[in-house]
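The structure appears below as structure tokens.
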Amino acid sequence: MRTLNVALGDRSYPIHIGAGLLARPELIVPLLRTPRVAIVTNTVVGPLYLERLTAGLESHGIAVSTVVLPDGEAHKDWTTLNRIFDMLLESRCERSTTLLALGGGVVGDMGGFAAATYQRGMPFMQIPTTLLSQVDSSVGGKTAINHPLGKNMIGAFYQPRLVLADIEVLNTLPDRELSAGLAEVIKYGLIRDPAFYAWLEENIERLRARDPEALAYAIERSCRNKAEVVAADETEQGERALLNLGHTFGHAIETGMGYGEWLHGEAVAAGTMMAAELSRALGWLTDDDVNRIEALFVRAGLPVRAPALGIERYLELMAHDKKVESGRLRLVLLASIGKALMFGDATAGEIGAAISRRCG
């Protein structure tokens, strides 16, 4: 097992990475305020892992309440969130009860948001079961639900007390979901870790083959990058915004196509290619750089072209982005492979041209 620490003073917490961690309730139990938990999972993950987690906790004298949500981004909304609140209230969970989010990014985001708001805040822990959630969404305290006008528009920063990343659960992850997670792994190399990017170019096939050593290394390296950024900028006032490379374009794809049609990682990959096109047009990336980025996404099984929603529709959707400031769209772009920057002076024409080069 490998352990990292997210350094946030008295709200610091560990990230445990390894095989078989779901069968180790002793990693969870000492961090509970009271011997009671509420587990949030979904219809895909629950049948695979809920009984194992519940049995382990109950063997340590922990009382367990559960709710099983419908699966998918299309259900990341108020209606589904209220099912969590219903379970918490009907089970008479208290502010000291710990909520465990067992699932991918949707479960983690909604479970975390429920924990942040139930009785004004209850402790929670992340038990991510997809590659994307293990390397990105479970770390850093971003919680949210979607709105018809934009992704993750209603939420809160609320840190977990523990992240438990069991790499064995990735063996049941569909290939498409694994590739989607690789988009966020590649992102860390692009924005701040060129040596890791070079490693990925050498080892991407090992990751797709689910080589346990390669996966453990990539997850640890990704989480280390994320933890360093979050410790320096928890609420995204500066450097943390760079973690959103490809996300402004990508969220437009997800919203425009309808939540769940494109996986988040797929949209991030296509969105990153749009950001790379704009970075090339501004004179920062070379043709070789863009070709390297495209080649790695393709080898990872990810799309490098986006749906043809129309330039005006893209710009309309991007206007709702959380990085818009004083009406100005600020984009995360690449100065080079391994170095990202925030740029707010791109014209609508320049942005539209970058989009058009990657549409259809």
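Using the three backbone atoms N, Cα and C, a Cβ is placed for every residue, glycine included.
What Swiss-Prot lists as NAD(+) binding site is 71-76, 105-109, 129-130, LYS142, LYS151. Look at Swiss-Prot and you will find GLU184, HIS247, HIS264 tagged as Zn(2+) binding site.
In sequence order, LEU132, ASP136, ALA183, LYS187, GLY246, GLY250, GLY265, ALA267, VAL268 are the residues of the same chain, not among GLU184, HIS247, HIS264, whose CB sits within 8 A of the CB centroid for the Zn(2+) site. Listed in sequence order, the residues of the same chain lying 6 or more apart from LYS151 (NAD(+) binding site) and placing their CB within less than 8 Å of its CB are HIS251, GLU254, THR255, TYR259. Each of the binding-site residues ASP71, ASP109, GLU184 was scored by how many other Cβ atoms lie within 10 Å of its Cβ, and the smallest score goes to ASP71.
A Cα-Cα distance of 12 Å separates HIS264 (Zn(2+) binding site) from THR130 (NAD(+) binding site).
Cα spacing between ASP71 (NAD(+) binding site) and HIS247 (Zn(2+) binding site): 22 Å, rounded to the nearest whole number.
The local packing around VAL107 (NAD(+) binding site), expressed as other Cβ atoms within 10 Å of its Cβ over all shown chains, amounts to 32.
On a Cα basis, GLU184 (Zn(2+) binding site) lies 16 Å away from ASP109 (NAD(+) binding site). Sorted by the number of other CB atoms within 10 A, the binding-site residues HIS75, HIS247, HIS264 start with HIS75, the lowest.
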